[in-house]
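Taken straight from TrEMBL:
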- Cys91: active site, nucleophile (ACT_SITE)
- His198: active site, charge relay system (ACT_SITE)
- Glu200: active site, charge relay system (ACT_SITE)
- Gly58, Glu59, Ser60, Arg121, Ile152, Arg153: L-glutamine binding site (BINDING)
Amino acid sequence: MPPSAITVGVLALQGGVVEHIALLNRASTSYPSTTFHFLEVRTPEQLSLCDALIIPGGESTTMAIVARRLGLLEPLREFVKINNRPVWGTCAGLVMLAEQASATKQGGQELIGGLDVRVLRNKFGTQVQSFVADLKLDFLGEGEGPFRGVFIRAPVVEEVINGNGSGNVKVLGTVKKPGEEADIVAVRQGNVFGTSFHPELTGDVRVHVWWLGNVVEALSQRRKERGLVVGSGKNDAVEAA
Ligand SMILES: NC(=O)CC[C@H](N)C(=O)O
């Protein structure tokens with residue numbers, strides 16, 4: 001039985017927040033027995049209300065600086081890596097969720113981590129070199145047509161880092177530009193999902209539907225393991241405590 005109420009946050013420090021919320025609203029109609037709350041997250045208190053989180057595209061360096069200032073970096077790390085909540089990062093969000101990033105500003109930049117990968121920022125160049133490409137995303141299900149990937153100053157996964165748990169990094173999507181090697185543009189490791197591209201800018205709701213399905217699944221599993229009566233507001237409060 002699916003959990004009856006789920007709060008999904010969108011980190012709202014900067015970047016494509018409203019676009020994600022619009023698509024989440026549309027995607028949620030695929031799960032009629034679950035009530036979703038979509039919450040813009042700017043404080044640790046708001047984060048603590050969330051069962052799952054999207055980190056949008058934008059500028060990862062700025063996002064990290066603002067998150068540090070608002071006291072959100074450590075709570076975000078805890079949310080992703082200790083509480084293992086479902087998290088999805090798009091573009092700059094993927095950078096934030098990587099354990100390592102190259103082509104960072106001098107002196108490096110702070111990351112949340114969670115994915116045992118090193119990303120290469122701005123792989124395809126500057127804003128004017130943005131492009132769209134049809135992607136074959138098998139995880140969307142058999143017989144699904146290509147997904148239009150929007151790439152804007154996008155990072156790619158340049159390496160899966162050999163270390164603890166890295167064997168669990170699954171490559172879920174690649175893009176190949178003419179004359180170049182294929183690049184990894186979608187990965188998942190347990191509760192953490194990352195895409196280089198921006199499904200929230202396409203109007204195509206399929207990745208949001210898929211991800212919300214995973215969130216529903218993970219939450220019902222978690223609540224079952226804790227022996228909670230599904231959907232009781234009282235028990236939800238106990239779980240959050
Ligand atoms: N569209 C985007 O999110 C761009 C990401 C940006 N280049 C970064 O490294 O953070």
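Any Cβ shown, glycine's included, is placed from N, Cα and C.
TrEMBL: automatically predicted annotations, no manual curation.
Residue environment of Arg121 (L-glutamine binding site) contains 22 other Cβ atoms, counted within 10 Å of its Cβ in all protein chains. If you take the Cα of Ser60 (L-glutamine binding site) and the Cα of the residue listed as 'active site, nucleophile', they are about 9 angstrom apart, rounded to a whole number. In three-state terms derived from DSSP, Cys91 (active site, nucleophile) belongs to neither a helical nor a strand segment and is classed as coil.
The L-glutamine site, placed at the center of the C-beta atoms of Gly58, Glu59, Ser60, Arg121, Ile152, Arg153, has further neighbours from the same chain whose C-beta lies within 8 angstroms: Gly15, Gly57, Cys91, Ala92, Val95, Asn122, Ala154, Pro155. Of all the recorded positions listed here (Arg153, His198), the one with the fewest other CB atoms within 10 A of its own CB is Arg153. Ligand 1 lies under 6 Å from the Cβ of the following recorded positions, listed in sequence order from Glu59, Cys91, Arg153, Glu200: Glu59, Cys91, Arg153. Proximity of Glu59 (L-glutamine binding site) to non-local residues of its own chain (separation of 6 or more, Cβ distance below 8 Å) is seen for Gln14, Gly15, Ala92, given in sequence order. Per-site Cβ counts within 10 Å over the binding-site residues Gly58, Ser60 peak at Ser60.
Of the listed recorded positions, namely Cys91, Ile152, the sparsest CB environment within 10 A is found at Ile152. Largest Cα-to-Cα span within the L-glutamine-binding set Gly58, Glu59, Ser60, Arg121, Ile152, Arg153: 13 Å. The Cβ of Glu200 (active site, charge relay system) lies under 8 Å from the Cβ of Gly16, Glu19, His20, Ala22, Leu23, Pro56, Gly57, Thr90, His208, each on the same chain and at least six residues away in sequence.
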